[in-house]
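S.K.: Just lifted these from Swiss-Prot, have a look:
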{"type": "SITE", "residues": "Lys84", "note": "site 'Influences the redox potential of the prosthetic heme and FAD groups'"}
{"type": "BINDING", "residues": "His85", "note": "heme b binding site"}
{"type": "ACT_SITE", "residues": "Tyr95", "note": "active site, charge relay system"}
{"type": "ACT_SITE", "residues": "Glu137", "note": "active site, charge relay system"}
{"type": "DOMAIN", "residues": "152-262", "note": "domain 'FAD-binding FR-type'"}
{"type": "BINDING", "residues": "Gly275, Val276, Gly277, Leu278, Thr279, Pro280", "note": "NADP(+) binding site"}
{"type": "SITE", "residues": "Glu394", "note": "site 'Influences the redox potential of the prosthetic heme and FAD groups'"}
Amino acid sequence: MLTQKTKDIVKATAPVLAEHGYDIIKCFYQRMFEAHPELKNVFNMAHQEQGQQQQALARAVYAYAENIEDPNSLMAVLKNIANKHASLGVKPEQYPIVGEHLLAAIKEVLGNAATDDIISAWAQAYGNLADVLMGMESELYERSAEQPGGWKGWRTFVIREKRPESDVITSFILEPADGGPVVNFEPGQYTSVAIDVPALGLQQIRQYSLSDMPNGRSYRISVKREGGGPQPPGYVSNLLHDHVNVGDQVKLAAPYGSFHIDVDAKTPIVLISGGVGLTPMVSMLKVALQAPPRQVVFVHGARNSAVHAMRDRLREAAKTYENLDLFVFYDQPLPEDVQGRDYDYPGLVDVKQIEKSILLPDADYYICGPIPFMRMQHDALKNLGIHEARIHYEVFGPDLFAE
């Protein structure tokens, strides 16, 4: 239990840490990776190169300090972090390593301003946070391992099918190499794929949404090829596209994630996705359309038909199920793309154009896609009067959503 003095010191020094946050976290990662290079196998090194992980962690540290009087206000955030950590296989013995180098980085960057009292207060605050997360992660690990088909840590899977879904998205059907069943999951959850990346000389781990409904035998992930932009190409995603084939093996974590629908609810859901963000939505959609059926609105944005994954199956579902309304936006339609057949509206997803169709009593709204897309849709829903508690979103990698 933190003393009031400790809380006061942490709150008082939060603005200073925010001012120097990026430098502190950059120093922290340098120190930690030099002392423990094996942790490079856990952290996303692409995000390290781009500085995204540093920004996200600096912001998280500041948010924790700002809310230290009422940590329950951060419970949703901590739940997301715990699920991510569980999917990475984070171990309790790694927390003291992080704490040691974080405190050393604060001392190094702030110099004499980081007094013994300040370092002691932050050590206690970090220890308290670590205890909360370790408890949550232990519960997640045990819950997964106890379920039929469940496991803890990594399990070897075999690629049984590799299916192109568009010019940039490919689906992989994975079955356990041991021939056993797989644990069911909540529609919207993800698995982690661990694979050796020769270009880095490291194992790297990435999260991918499970893009089909649970069947107890296999999982499907749908992976976008990365590249062509200002950021480095996706190490793992492109490796899966170019070098992983049917019969090859990869390691998977059990499903985790707090972004999922309530399968027992009967209230409407509105799914809003951009690009490869449709992958968790497809799982949600399939389950929601089962008995008891519930009203579903699926809104998707893509550049055009060439990169619109699963479009024919979604159109067919919209024709088959009376409780499903589908709206597709293309912002760069091809000459052969026909409005009314391939897509419904030109331009970026604009929920204002379909306001009457998505403003449903007691509906929950789920958003997934690139971060700028999610910010835009979140703000648009808020402007339509949707309560924050009804809006749910998924971010893979560092959570830079709330800038």
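Cβ atoms here come from the backbone N, Cα and C positions, even for glycine.
Please situate the listed features within the shown structure.
M.R.: Sequence-distant contacts (6 or more apart, same chain, Cβ under 8 Å) of Lys84 (site 'Influences the redox potential of the prosthetic heme and FAD groups') comprise Gln207, Tyr256.
In the three-state DSSP scheme, His85 (heme b binding site) is classed as helix.
Within 10 Å of the C-beta of Tyr95 (active site, charge relay system) we count 19 further C-beta atoms, all protein chains included. Mapped onto three states, the DSSP output places Tyr95 (active site, charge relay system) in helix.
Long-range Cβ proximity for Glu137 (active site, charge relay system), meaning a same-chain Cβ under 8 A and a gap of 6 or more residues, is found for Ala82, His85, Ala86, Val90. According to DSSP, Glu137 (active site, charge relay system) is assigned to a helical segment.
Secondary structure by DSSP for the domain 'FAD-binding FR-type' (152-262): 9 helix, 46 strand, 56 coil.
Neighbour density for Gly277 (NADP(+) binding site): within 10 A of its CB lie 25 other CB atoms from the protein chains shown.
For the recorded site, Glu394 (site 'Influences the redox potential of the prosthetic heme and FAD groups'), the DSSP three-state label reads strand. Remark: Glu394 (site 'Influences the redox potential of the prosthetic heme and FAD groups') has Gly188, Ser209, Gly257, Phe259, Gly277, Pro280, Tyr366, Ile367, Cys368 as non-local neighbours, by Cβ distance under 8 Å and separation of at least 6 in sequence.
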S.K.: Given the recorded NADP(+) site (Gly275, Val276, Gly277, Leu278, Thr279, Pro280), which additional residues of the same chain have their Cβ within 8 Å of the Cβ centre, ordered by sequence?
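M.R.: Near the NADP(+) site, the remaining chain residues are Ser209, Ser222, Lys224, Ser273, Gly274, Met281, Ala309, Cys368, Gly369.
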S.K.: Using a 10 Å radius around its CB, how many other CB atoms surround His85 (heme b binding site)?
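M.R.: Step by step: centre on the Cβ of His85 (heme b binding site), count other Cβ atoms within 10 Å, giving 21.
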S.K.: For the domain 'FAD-binding FR-type' (152-262), provide the mean pLDDT of the predicted model.
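M.R.: Reported value for the domain 'FAD-binding FR-type' (152-262) is a mean pLDDT of 92.
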S.K.: Provide the number of Cβ atoms within 10 Å of the Cβ of Pro280 (NADP(+) binding site), excluding the reference atom itself.
M.R.: 28
